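K.L.:
According to Swiss-Prot:
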type	residues	note
BINDING	Cys122, Cys125, Cys213	[4Fe-4S] cluster binding site
MOTIF	47-52	motif 'PP-loop motif'
Amino acid sequence: MQEIQKNTKKEQYNLNKLQKRLRRNVGEAIADFNMIEEGDRIMVCLSGGKDSYTMLEILRNLQQSAPINFSLVAVNLDQKQPGFPEHILPAYLEQLGVEYKIVEENTYGIVKEKIPEGKTTCSLCSRLRRGILYRTATELGATKIALGHHRDDILQTLFLNMFYGGKMKGMPPKLMSDDGKHIVIRPLAYCREKDIIRFAEAKAFPIIPCNLCGSQPNLQRQVIADMLRDWDKRYPGRIETMFSAMQNVVPSHLCDTNLFDFKGITHGSEVVDGGDLAFDREEIPLQPAGWQPEEDDTALEALRLDVIEVK
């Protein structure tokens with residue numbers, strides 16, 4: 001019995017550390033990009049997946065101790081996909097006491113009508129969903145729209161654009177919506193997916209499958225995701241270093257004439273960004289930038305416990 005109690009205490013301690021790490025990551029992202037301001041009404045887009053559940057939980061937790069006042073309203077879009085469990089999210093949100101709105105729109109029927117059988121439906125579905133969420137944000141008086149994309153999503157998008165789109169473009173932590181009316185934020189921008197997976201398992205969130213529509217997964221994104229996971233296993237710290245690189249861009253050492261005036265460089269010009277060694281190899285640190293040794297997370301694997309609230 002004492003051994004069981006000892007293990008339980010250790011598990012709760014490790015889970016508490018995990019929640020603290022996620023909370024710290026979200027807090028830093030919010031501060032770095034000024035995501036949330038005094039009086040904001042945040043529309044939290046809740047899909048029923050691990051990422052959006054985690055985002056809502058951490059934002060609720062931060063709300064209790066933040067130096068500014070902001071409110072949350074959770075929004076789920078019921079797209080009338082066959083087998084969608086309509087009762088799960090309302091029951092979960094009512095239990096938490098979170099304000100919410102379920103938006104019912106038969107986008108599934110529209111997509112099935114417009115897209116031939118066997119073709120990827122994600123592009124049209126995404127456009128329809130985006131428009132509905134923008135409209136809903138206006139109706140609710142939301143000042144910010146929060147999406148659950150995390151650090152791994154941002155890196156995957158960067159490599160997708162480099163490999164297939166020929167551009168260095170990622171997924172911004174904060175942006176103006178394409179209709180020019182809404183500010184979109186990604187509070188999980190600094191969070192690792194593996195931390196989110198462990199947290200979701202520990203909290204036993206009522207996960208709703210993401211493939212109810214029957215659409216094929218994005219194979220290109222899957223290839224990139226597998227590549228990054230392999231790198232993370234074989235070369236610890238590489239993921240952290242690549243994400244750090246996205247925050248430390250040197251336009252004068254790339255090739256985009258829209259970002260830097262290469263033609264303007266003449267004899268007598270000032271040295272820019274430290275210049276270039278030109279003929280010498282640049283010194284590279286032995287340890288990856290931004291990397292920290294992995295904490296002992298073995299006790300976090302496959303746990304389904306209530307996490308201690310961090311105040």
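Glycine residues also receive a Cβ, built from the backbone N, Cα and C atoms like all the rest.
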K.L.:
When you tally the Cβ atoms that lie within 10 Å of each candidate's Cβ, which of the binding-site residues (Cys122, Cys125) has the highest tally?
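P.N.:
Answer returned by the neighbour count: Cys125.
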K.L.:
Of the residues in the motif 'PP-loop motif' (47-52), how many are helix, strand and coil by DSSP?
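P.N.:
Helix (H, G, I), strand (E, B), coil: 3 helix, 0 strand, 3 coil.
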K.L.:
For Cys122 ([4Fe-4S] cluster binding site), which DSSP three-state class applies?
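P.N.:
Going by the DSSP assignment, Cys122 ([4Fe-4S] cluster binding site) falls within a helical segment, counted as helix.
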K.L.:
Mean pLDDT for the motif 'PP-loop motif' (47-52), as a whole number?
P.N.:
96
